[in-house]
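TrEMBL has this to say about the protein:
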BINDING   R51, T52, R101, H129, Q132, G257, P258  carbamoyl phosphate binding site
BINDING   K79, R162, R216  L-aspartate binding site
DOMAIN    2-141  domain 'Aspartate/ornithine carbamoyltransferase carbamoyl-P binding'
DOMAIN    149-294  domain 'Aspartate/ornithine carbamoyltransferase Asp/Orn-binding'
Amino acid sequence: MRHLLGIEGWRREEIETLLDRAEAHLPRGSANASVLQGKVVANLFFEDSTRTRTSFEMAAKMLGAQVLNWTAAGSSVSKGETLLDTVRNIEATGPVALVIRHRSSGAPHLVAKHVRCAVINAGDGTHEHPSQALLDAFTLRKHWGKLDGRTVLIVGDILHSRVARSNILCLTALGARVVACGPPTLLPVGLKELGAEVTTNLDAALPQADAVMCLRLQLERQSESFFPSTREFSRLFGLNVARSEKMKSGALVMHPGPINRGVELAPAVADGARSVILEQVANGVAVRRAILEVCS
Ligand code: CP
């Protein structure tokens, strides 16, 4: 694997091989601690990030690499430098891999056609966030052993969510049933073709789910009004305490972060016994170590 641009096109065996490799990189593991010794990984974040950027940085350092952290803020992007000029100039400094987040869907794919080093998609617009889906699948596999026959309910702003798209592809490839739930205006066309079932009735879907993945309401990507108010969205699609009590015994609560506390997820549920949100973050380092090891 030279690049990681998306989950689309991956076969089950390929996903499982990557997740198996990540097992060797769990936080206390030391597999291949020097595989990137003397090499540089460049984090290029044209959009803000906490979890993805820091965990790719930690993952690269744990493999022995030096890390170049570049963000668009404070860069020559403000002077009009193009995406391709920016990445070509950074590539000229010698990294073995570019980890790219960009607001435009397809940006990492474009970059991959113009550079020689590996390109890893750290989230492109509303398209894909492949490393997030892999760490989510890894987290579920740690709890369940395998995903076959399990139901994952993805709730909220699916229209703007690259996490939802990558997860539908990844989780269904691994044998899970995925149900996408949100207001009709936030359910994009094409979900069934991706492999998901679709519903607008959270209360009916909730008791069937083995895991509920709440998504952030991405107000920054919304140029029009998709629902009457945030309060109305929360009332119909927020996972509050009363709703969480209707979940199956042992069912898990997930969120890719950052959380709008009190909107898509109540603080008591986010921090409650069902929540695996911080496990997702911890597992992200192991999964990103495996990705860097394979791509670099
Ligand atoms: N899950 C995720 O992508 O979080 P960040 O935006 O903080 O990287």
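Heads up, the Cβ atoms here are built off N, Cα and C, so glycines get one too.
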Site with most surrounding Cβ atoms, counting all protein chains shown within 10 Å, from the binding-site residues R51, R101, R162: R101
Number of helical, extended and coil residues in the domain 'Aspartate/ornithine carbamoyltransferase carbamoyl-P binding' (2-141), per DSSP: 55 helix, 27 strand, 58 coil
Which binding-site residues sit within 10 Å of R216 (L-aspartate binding site) - Cα, from T52, R101, H129: none
Pairwise C-alpha maximum, in angstrom, for the residues (R51, T52, R101, H129, Q132, G257, P258) that bind carbamoyl phosphate according to the record: 16
Neighbour-count leader, CB within 10 A, binding-site residues: K79, H129, R216: H129
Lowest local Cβ density (other Cβ within 10 Å) among binding-site residues: G257, P258: P258
For Q132 (carbamoyl phosphate binding site): intrachain residues, at least 6 apart, with Cβ closer than 8 Å: T52, G123, R162, V163, S166, N167, P256, G284
Number of Cβ atoms other than its own within 10 Å, given for T52 (carbamoyl phosphate binding site): 25
